[in-house]
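Trainee: After the structure tokens below, expect a handful of questions from me.
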Amino acid sequence: MLKIIIPTALLIPSSLLLKSTTLFLMMTIYSMLLALLSLSLFNHPLILEISNPTAHFSVNPTSTPLIILSCWLLPLMILASQNHLKTEPLNRKRTFLMTLTILQTTLIMTFAASEFILFYILFETTLIPTLIIITRWGNQIERLNAGLYFLFYTLASSLPLLITLLYLHTTYLHTSMELFYLQQPDSFPTQTAQLFWLACLLAFMVKLPLYGLHLWLPKAHVEAPIAGSMVLAAILLKLGGYGLIRISPLLNPHPPTLMFPIMVMALWGILMTSSICLRQTDLKALIAYSSVSHMGLVAAAIITQTPWGMTGAMILMIAHGLTSSALFTLANVNYERTHTRTLLLVRGLQLIFPLLSTWWLLINLTNMALPPSINLMGELLIITALFNWSAPSIILTGIGTLITASYSLYMYLMTQRGSVSTQFQLSSPTHTREHLALILHLLPLGLLILKPALISGLFI
């Protein structure tokens, strides 16, 4: 595990000490080498066991795909941010890259933590660099408001989690995830068992986010710079899903009086947020709401606590991480050329950027879970698990997938088809680095369908 954490941590001084002329080039190369090195984590025995254990960090089949996704995203964020930082002085470029690498290091440590209290501390630590990225490098003045929403939603929801973890520590004298899986905690306070369950899950429900607790997400996404949007969509939302998967086995049996409302909110949220997407005028807000819709499926699947549901949730989390990050990269490429995110103003870009239009089509098709994408496999497993849990849920999930296809096509047609506005006819051409970033998003999506067991978490 340290072979990933230590080199990533050493990227922090590198961002401050590298020569200004080769700063972005060397950071991209080093982070890409790290991403390739992290692929060796896939080489664990295909049984439910822990590899590379230390006192505090270990890798298992659930955390491995998310650690590799975190490593894979850093070079892509650096590639996508270069134009955004073009006019900034050198010191600010260095600070930006340093903040990204600090965030990367804390994320890898969060996914690798094998103790709940350490996991909580690192989970909260990821807030700080993300908040700095949103509030310092965001595009508009509303970024401060978005940062406040993000901070207070996350902090207020995670305080009950801290209290329950401290209670577990005083009762059992440890918070090791592995020990809790081997010996189920059995002495939950009987009077407040439901509150205990809710306190454990609330922080992760807000982070996912569950519909109803999602108001911080569109604000944060719309105001964040491109790297902030990518890391939020691809990894920070997955922290919520990962936390749910980790803490759920402790809480058996799940109280039905609380489980049903959350399931209803998750399934209803799929419909509501997909419908909101059809009415969106802002491109980044549309992609942000589509994230809430997909994460509703993940939340519902994890709460069912069935092997199919958990496997589907893991696959969909990885697939959605790559797809939504690619969509934000595309939205940013459009924004850098047209300087607007309003869908009504930007039409007919297919005529100006034909290759970019191909990327739009492919990524929108993966977003709507077209076969043979990995998204389809995740959604099929989840929908089957939910149907097995309750047959009428197929109506909600079916309509949800229909609306998802509708808004994906709507997004594609609005941006690519139609007549070009005269003000965009002299747009600068796309760069190779932008195409490279998009290829590196689509390549894993295409290859993972050949062996989905790598990212399935091995629950089946």
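From the backbone N, Cα and C atoms, a Cβ is placed for every residue, glycine too.
Because TrEMBL annotations are produced automatically, they should be read as predictions rather than curated entries.
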Trainee: Which of these ranges is annotated transmembrane segment in TrEMBL: 94-111, 382-399?
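Mentor: That would be 94-111, per the transmembrane segment entry in TrEMBL.
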Trainee: Would the transmembrane segment (224-245) count as touching the transmembrane segment (21-42), if touching means at least three Cβ pairs under 8 Å and pairs must be 6 or more apart in sequence?
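Mentor: Answer no: the transmembrane segment (224-245) and the transmembrane segment (21-42) share fewer than 3 Cβ pairs below 8 Å.
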Trainee: Who are the long-range neighbours of the transmembrane segment (21-42) in its own chain, taking Cβ under 8 Å and residues 6 or more past its ends?
Mentor: 3-4, 7-8, 11, 14-15, 59, 64, 67-68, 71-72, 74-75, 78-79, 82, 90, 93-94, 97, 101, 104, 454
Trainee: Taking the transmembrane segment (285-304) as reference, which of 117-134, 146-168, 195-217, 343-363, 435-459 has the most Cβ pairs under 8 angstroms?
Mentor: 195-217
Trainee: List the helix, strand and coil residue totals of the domain 'NADH:ubiquinone oxidoreductase chain 4 N-terminal' (1-110) as derived from DSSP.
Mentor: 78 helix, 3 strand, 29 coil
Trainee: The transmembrane segment (435-459): which same-chain residues, six or more beyond its ends, come within Cβ distance under 8 Å?
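Mentor: Same-chain residues near the transmembrane segment (435-459) but 6 or more away: 42, 46-48, 61-62, 65, 72, 75-76, 79-80, 245, 307-308, 310-311, 314-315, 318-319, 322-323, 325-326, 329-330, 355, 359, 362-363, 366, 372-375, 377.
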